[in-house]
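A.B. asks: Dropping the structure in here first, questions after.
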Amino acid sequence: MRTLGLFALVAVLILGTGFLQSWNSALIILNMGLVSAIMALGVNLQWGLAGLFNVGVMGFVALGGLAVVLTSVAPVPEAWAAGGTRIMGALVLGFVTIAACVLAWKRLPRGRRGWAVAVLSIGGFFLYRAVLDPGVEAVEAVNPAATGFLGGLGLPVVLAWPVGGLLAAGVAWVIGKTALGLRSDYLAIATLGIAEIIIAVMKNEDWMARGVKNVIGLPRPLPYEIDLQNDPGFVDRAAGLGLDPTTASTLYVKLGYSLMFTAVLVIVLVLAQLALNSPWGRMMRAIRDNEEAAEAMGKDVTARHLQIFILGSVLCGMAGAMMTTLDGQLTPSSYQPLRYTFLIWVMVIVGGSGNNLGAVLGGFLIWFLWVQVEPIGQWLMNAVTSGMAESSWLKAHLLDSVQHMRLLTMGVILLLVLRFAPRGLLPER
Amino acid sequence: MEILNALVALSNFVLIPAIAYGSQLALGALGVTLIYGILRFSNFAHGDTMAIGTMVTILATWGLQALGVSLGPLPTALLAIPVGIAGAAALVLLTDRLVYRFYREQKAKPVILVIVSMGVMFVYNGVTRFIIGPDDQRFADGERFLITAREFKEMTGLDEGLALKSTQGLTVITAVIVVALLFWFLNHTRTGKSMRAYSDNEDLALLSGINPERVVMVTWIIVAALAVVAGTLYGLDKSFKPFTYFQLLLPIFASAIVGGLGSPLGAIAGGFIIAFSEVGITYAWKKVLGYLMPESLEPSGLVQLLSTDYKFAVSFVILIIVLLFRPTGLFRGKSV
């Protein structure tokens with residue numbers, strides 16, 4: 001009942017945006033809400049179900065974005081010819097070095113292994129850079145204004161969604177292997193750090209995805225507005241509905257995304273619900289609530305944690321790929337932890353951790369507020385400052401600062417929910 | 001001569017910046033470690049506590065500058081630091097009263113407190129941006145250099161100049177004084193001793209009649225003071241920008257963890273380890289090696305291990321390496 005009511009409220013809010021502002025903004029909010037809901041489901045799987053504290057959501061989302069470029073952009077043959085194989089060789093060399101270090105650490109006797117690993121890793125690093133650098137230089141020299149990178153595989157963009165999940169899974173496996181044995185606070189810092197590293201790599205390795213030069217004009221799974229407007233059949237149908245072709249085409253494309261995203265969300269949600277109510281889900285919650293007891297019952301806690309850490313990260317990676325597809329561009333500098341990590345956490349906590357529907361609700365509700373706090377704040381500030389003199393510096397300052405209300409509001413909402421409804425709007429059953 | 005030149009270049013580009021940065025990190029990490037030791041959670045809002053405290057200092061500095069007050073060659077901000085500390089202390093005590101105390105009384109799990117501190121981080125961040133805006137602010141005045149590169153060259157006759165910014169000198173001196181005061185306080189005063197007792201064993205400390213609320217209050221005030229001093233020094237040395245302060249969270253946490261959470265000595269060691277690795281690994285060693293090596297072996301590239309944008313990555317990699325081999329840090333910190 002409560003669930004239904006709260007979802008109805010969100011529906012009313014989004015429909016209200018449609019009636020009061022424009023259907024275009026309502027659909028924009030809906031689409032990002034759908035993506036946010038998938039991210040929130042991923043975090044909820046890790047935190048709500050298993051009690052893992054992952055503050056590196058941004059990193060996995062960014063990997064999803066990278067996957068879109070790697071999968072769907074057409075390859076740049078000149079760049080491949082210039083240094084592609086060299087870069088690939090260097091990467092293989094890098095992996096071999098790491099593998100050799102791990103092997104050396106495991107196989108060699110105690111006294112010598114530290115030195116062996118140090119020599120291997122330092123030597124390997126210089127060798128790797130010696131092979132990589134000329135390749136990178138050659139690739140980045142190929143038409144730097146337009147390409148300067150290797151490009152992708154030129155596959156359909158929808159394939160990037162699962163690929164984003166796979167990339168995230170790989171990185172999650174590495175983090176999990178190193179950091180899951182540590183205490184929860186340490187895992188948090190470790191994930192925070194790895195997210196920053198992923199962004200740093202994406203910003204600097206121009207041969208991969210053009211770095212801060214951004215990749216724009218990514219392929220999309222839906223037709224372009226301009227083509228629709230030139231299609232007489234579409235224009236006729238739009239006229240039949242009483243819409244002008246421009247509005248109709250933008251709505252058509254956004255609605256198309258909404259349908260695709262909804263399909264993904266429904267599949268993910270159903271799977272998450274099945275997982276939650278399965279024996280596996282009960283085991284995870286048992287581990288979360290009392291690790292020692294579960295371990296004593298013969299459950300492999302670390303392995304289970306690794307499993308769910310990877311699963312949750314896959315969802316974040318997929319959602320990241322969907323988001324980049326929706327944007328049509330990859331801009332590494334736009335990834336900021338406040339927006340892509342901590343805001344997702346607010347969604348999960350406010351919605352209700354441990355409850356999948358709660359996470360989805362939180363995703364929609366908080367995203368709606370994130371978008372609408374600014375206009376509401378603007379309106380509020382106008383009301384507050386209406387009595388002040390036109391030239392007052394305070395008035396100008398207050399009106400200028402409205403955009404920073406967002407962070408403040410999100411913080412206050414998070415603190416209030418944690419204080420008065422610590423289990424969220426839709427508590428775990 | 002060549003060796004001296006190399007040494008000067010090394011000091012100029014690596015040693016001095018790393019010592020200054022390390023002092024700033026150490027002060028930040030001391031705050032994180034004290035909160036962890038006494039209140040038993042990782043405070044995600046620490047970077048923004050630094051930002052908001054520094055903001056108060058900056059506003060006070062501007063006020064003083066407008067009144068025509070100055071310290072001559074020293075930056076006016078030094079006079080404003082007490083105002084910043086008072087502001088930050090009032091703020092964190094209010095936050096503790098309104099937010100953290102509830103969870104302390106509930107004996108909530110540490111990780112819940114971490115999430116709560118995330119909320120506080122949002123609020124502080126929002127307030128800072130609301131009042132001073134998200135842009136760079138300059139508030140340094142006074143003498144810019146203790147020694148400029150030209151003066152140094154003329155003085156010594158070396159090819160390589162050594163520039164010592166006054167903010168760098170100031171950072172190190174202030175940090176030494178603050179750390180000395182802190183250790184004296186922790187080791188020789190009654191309140192300091194009760195803080196250490198509380199940190200070591202909460203139940204035993206309570207049994208022996210230590211007032212926990214008082215310990216917590218003193219801790220917050222000290223943390224506010226450390227945060228403001230660290231933040232102001234960082235702002236004077238580089239520049240003040242709210243987002244940068246939020247990003248400092250990672251190297252600060254890395255310092256505290258590398259040293260061992262809850263160990264003040266560890267926080268200082270960690271700060272310098274992180275600072276030296278960050279600066280050393282992202283510095284282009286061409287110049288130093290050029291002086292040291294015979295001409296035929298001189299490197300052609302920049303000999304830079306990683307580009308400067310990777311400095312956060314460096315602190316994290318060090319963190320992971322230390323944790324893999326010593327799960328509670330170099331100085332055997334505690335784990336809740």
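Note that Cβ sites are derived from N, Cα and C of the backbone, with glycine treated the same way.
What TrEMBL says about a protein is an automatic prediction, not a curated fact.
A quick note: this is a predicted structure, and the numbers were derived from the prediction, not measured.
Sharing the record's features from TrEMBL:
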- A:28-45: transmembrane segment (TRANSMEM)
- A:52-74: transmembrane segment (TRANSMEM)
- A:86-105: transmembrane segment (TRANSMEM)
- A:114-132: transmembrane segment (TRANSMEM)
- A:152-174: transmembrane segment (TRANSMEM)
- A:186-202: transmembrane segment (TRANSMEM)
- A:255-276: transmembrane segment (TRANSMEM)
- A:306-323: transmembrane segment (TRANSMEM)
- A:343-371: transmembrane segment (TRANSMEM)
A.B. asks: How about the transmembrane segment (A:52-74) and the transmembrane segment (A:152-174): do they have 3 or more C-beta pairs under 8 A, pairs 6 or more apart in sequence?
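C.D. replies: They do touch: at least three Cβ pairs between the two stretches lie under 8 Å.
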A.B. asks: In terms of Cβ proximity under 8 Å, which residues at least six beyond the ends of the transmembrane segment (A:186-202) contact it?
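C.D. replies: Here the qualifying positions are 52-60, 62-63, 66, 171, 175, 178-180, 208-209, 211, 332, 335, 337, 341.
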A.B. asks: Same chain only, please: residues at least 6 beyond the ends of the transmembrane segment (A:343-371) with a C-beta under 8 Å from a C-beta of the stretch. Say none if there are none.
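C.D. replies: Sequence-distant neighbours of the transmembrane segment (A:343-371): 3, 6-7, 10, 13-14, 17, 25, 28-29, 32-34, 36-41, 43-44, 47-49, 55, 57, 265, 269, 272-273, 276, 285, 316, 406, 409-410, 413-414, 417-418, 423-429.
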A.B. asks: Residues sitting near the transmembrane segment (A:114-132): Cβ under 8 Å, six or more positions beyond its termini, same chain?
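C.D. replies: For the transmembrane segment (A:114-132), the far contacts come to 86-87, 89-91, 93-94, 96-98, 100-101, 104-105, 108.
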